[in-house]
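As given in TrEMBL:
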- 1-23: signal peptide (SIGNAL)
- C24: Zn(2+) binding site (BINDING)
- 24-149: domain 'NTR' (DOMAIN)
- C24-C95: disulfide bond (DISULFID)
- C26-C124: disulfide bond (DISULFID)
- C36-C149: disulfide bond (DISULFID)
- N37: site 'Involved in metalloproteinase-binding' (SITE)
- K64: site 'Involved in metalloproteinase-binding' (SITE)
- C151-C199: disulfide bond (DISULFID)
- C156-C161: disulfide bond (DISULFID)
- C169-C191: disulfide bond (DISULFID)
Amino acid sequence: AVLPSLLAWLFVLLLGRARPADACSCSPIHPQQAFCNADVVIRAKAMSAKEVDSGNDIYGNPIKRIQYEIKQIKMFKGPDKDIEFIYTAPSTAVCGRLLDTGGKKEYLIAGKSEGNGKMHITLCDLVSTWDSLSPTQKKSLNQRYQMGCECKISRCLSIPCFVSSSDECLWTDWAMEKNNVDGRQAKHYACIKRSDGSCAWYRGMAPPKQEFLDIEDP
């Protein structure tokens, strides 16, 4: 009876130790949600990277981070000061987001502000190559996404699904396009708050006109 108990406890211990490797799991979100949740959203290039110390953990061991020196091209959301450095964990296993360096690739990067021209990103933050964005996504970064930050975008896991309130938009790419997080609604739509307080999907490259705020969902 003792041996099975010891084996069971050993299994639990091994399972507990295995969890950190699986600790970085991210729920799919619409790019508008990523924009609204972020402190900083920029278009930038990563010029260089180096590993730096970032304090110590509770056991006194040094915490390592990757420091990217970046060249900011445009800020869509954030402080008045340009971002000079982006920090992330040293590997994807601990939610680090790796960027190509050398300044050849442009990124759209959304993350949290650390102040003094610094920001932090994880594997769960929106980081996309600029060339991979649709024209609508690029245009929405200037105005449209911000107009819908008070709206709620809910992911539809399977059809049928329904909104629970008037300020909610259903994101159906996951259900309609075989778990695709970069589908039609992600690339071509934004959830906009209308004049009556309700929210609806808006499609198109031009900024929404005032008339849209008083009409039905297109």
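Placed from the backbone N, Cα and C atoms, the Cβ positions cover glycine too.
Structure with TrEMBL features highlighted.
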| residue | record | Cβ neighbours (10 Å) |
| --- | --- | --- |
| C26 | disulfide bond | 11 |
| C36 | disulfide bond | 20 |
| N37 | site 'Involved in metalloproteinase-binding' | 16 |
| C95 | disulfide bond | 17 |
| C124 | disulfide bond | 17 |
| C151 | disulfide bond | 23 |
| C161 | disulfide bond | 15 |
| C169 | disulfide bond | 25 |
| C191 | disulfide bond | 28 |
| C199 | disulfide bond | 23 |
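Residues within less than 8 Å, Cβ to Cβ, of C156 (disulfide bond) and separated from it by at least 6 positions along the same chain comprise L170, W171, T172, W174, A175, M176.
Counting every protein chain shown, 14 other Cβ atoms lie within 10 Å of the Cβ of K64 (site 'Involved in metalloproteinase-binding'). Here nothing among the recorded positions K64, C151, C161, C199 falls inside 10 Å of the CA of C124 (disulfide bond).
A gap of 40 Å separates the Cα atoms of K64 (site 'Involved in metalloproteinase-binding') and C169 (disulfide bond).
The closest partner of C191 (disulfide bond) among the disulfide-bonded residues, by CA position, is C151; the full candidate set was C26, C95, C151, C161.
Cα proximity to C95 (disulfide bond) (within 10 Å) is found for the following recorded positions from C24, C26, C149: C24, C26. Cβ neighbours of the residue listed as 'Zn(2+) binding site' (same chain, under 8 Å, six or more residues apart in sequence): T92, A93, V94, C95, T122, L123, C124.
The DSSP breakdown of the domain 'NTR' (24-149) into helical (H, G, I), extended (E, B) and coil residues amounts to 23 helix, 54 strand, 49 coil. C169 (disulfide bond) sits 7 Å from C151 (disulfide bond), taking the CA atoms of both as reference points. Distances between the Cα of C151 (disulfide bond) and those of the recorded positions C26, C36, N37 are shortest for C36.
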